[in-house]
Amino acid sequence: MSKALKVGLDGGPYALAAGPDGAMWVTLAHSGEIARVTETGEVAVYPVAPQARPSIIAAGPDGAMWFTRAGDDRIGRITVDGELAEFELAEGSAPFGIAAGPDDALWFTAMTSGEVCRISTDGEVTSVAVVGGMPSMITAGPDGAMWFTINQGNAIGRLETDGTLTVRELPTPAAGPVGITATHDDAVWFTEIGADQLGRIPLDEAIQELELPGKPHAVVADPDDGVWVSLWGADQLARVSGDGEVVTIDLPSGSEPHGLAIGPDGAAWVALECGFVLRMPN
């Protein structure tokens with residue numbers, strides 16, 4: 001079993017994703033930067049723009065990392081060598097979630113304009129669906145569609161690459177869904193930060209909900225079974241098995257855990273907005 005690794009990182013670590021280079025790439029929302037963190041804790045920081053507010057980051061099909069810039073309405077791209085590019089969006093769109101799709105493109109949500117959009121690896125942006133309700137995080141589902149949370153619409157959206165949209169309302173009022181991930185059991189899991197619950201949709205079946213106090217924020221699939229969840233309001237991580245068994249891990253007070261990702265070795269990483277990234281033992 002490997003040991004836990006705690007890496008100090010100023011600038012408000014918010015989200016992170018594993019890159020094709022074996023490192024973890026982190027958005028620094030407060031300072032407007034992107035950081036690269038190796039499995040041994042070595043750090044490199046790349047300035048983007050002070051007002052950019054980098055939010056969610058994902059590995060693209062082109063070998064680069066792509067991220068949303070909610071503060072200045074842009075999509076950013078950074079190569080593993082640190083070369084940056086940006087693609088301007090409509091003013092006030094507030095891009096947030098982003099994920100690689102099955103079509104060799106990136107898909108992202110625009111919270112303020114209420115859109116789900118596609119951006120090709122050469123920067124061509126297409127608005128595919130206008131859903132309203134503040135679409136938040138997005139993931140590629142096991143069925144070839146993009147699934148996303150609609151935070152203020154209290155729903156989960158499913159968008160096929162041809163633009164076919166399905167919206168499913170949540171059974172709990174004002175649940176405030178945020179994080180979302182697809183798992184190897186052909187299901188989609190999501191967090192309900194307003195209801196202190198974790199949701200699961202086995203594709204075409206009924207929505208399932210599990211009580212999970214602590215303001216669950218992000219969720220990521222565990223390669224072995226189940227999911228990891230950041231409990232932002234409780235300064236905890238939760239490990240939830242496929243059959244719903246919950247184990248919580250306490251973090252220091254004031255940690256503000258947000259984004260989660262799985263490293264190349266299967267270990268879970270979490271971004272702590274207080275100024276650290278943490279790699280869990282595996």
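Here the Cβ of each residue, glycine as well, is placed from N, Cα and C on the backbone.
Going by Swiss-Prot, these are the annotated features:
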type: ACT_SITE; residues: HIS258; note: active site, proton acceptor
type: BINDING; residues: HIS217; note: substrate binding site
type: BINDING; residues: GLU256, GLU273; note: Mg(2+) binding site
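Around GLU256 (Mg(2+) binding site), the C-beta neighbours below 8 angstroms that are at least 6 residues distant in the chain are TRP232, ASP235, LEU272, GLU273, CYS274. Packing around HIS258 (active site, proton acceptor) is summarised by its Cβ count: 24 other Cβ atoms lie within 10 angstroms of its Cβ, all protein chains included.
Secondary structure at GLU256 (Mg(2+) binding site), as computed by DSSP, is coil. Neighbour count (other Cβ atoms within 10 Å of the Cβ, all protein chains): 19 for GLU273 (Mg(2+) binding site). Of all the Cβ atoms in the protein chains shown, 20 others lie within 10 Å of the Cβ of the residue listed as 'substrate binding site'. A Cα-Cα distance of 6 Å separates the residue listed as 'substrate binding site' from the residue listed as 'active site, proton acceptor'. In the three-state DSSP assignment, the secondary structure recorded for HIS217 (substrate binding site) is strand.
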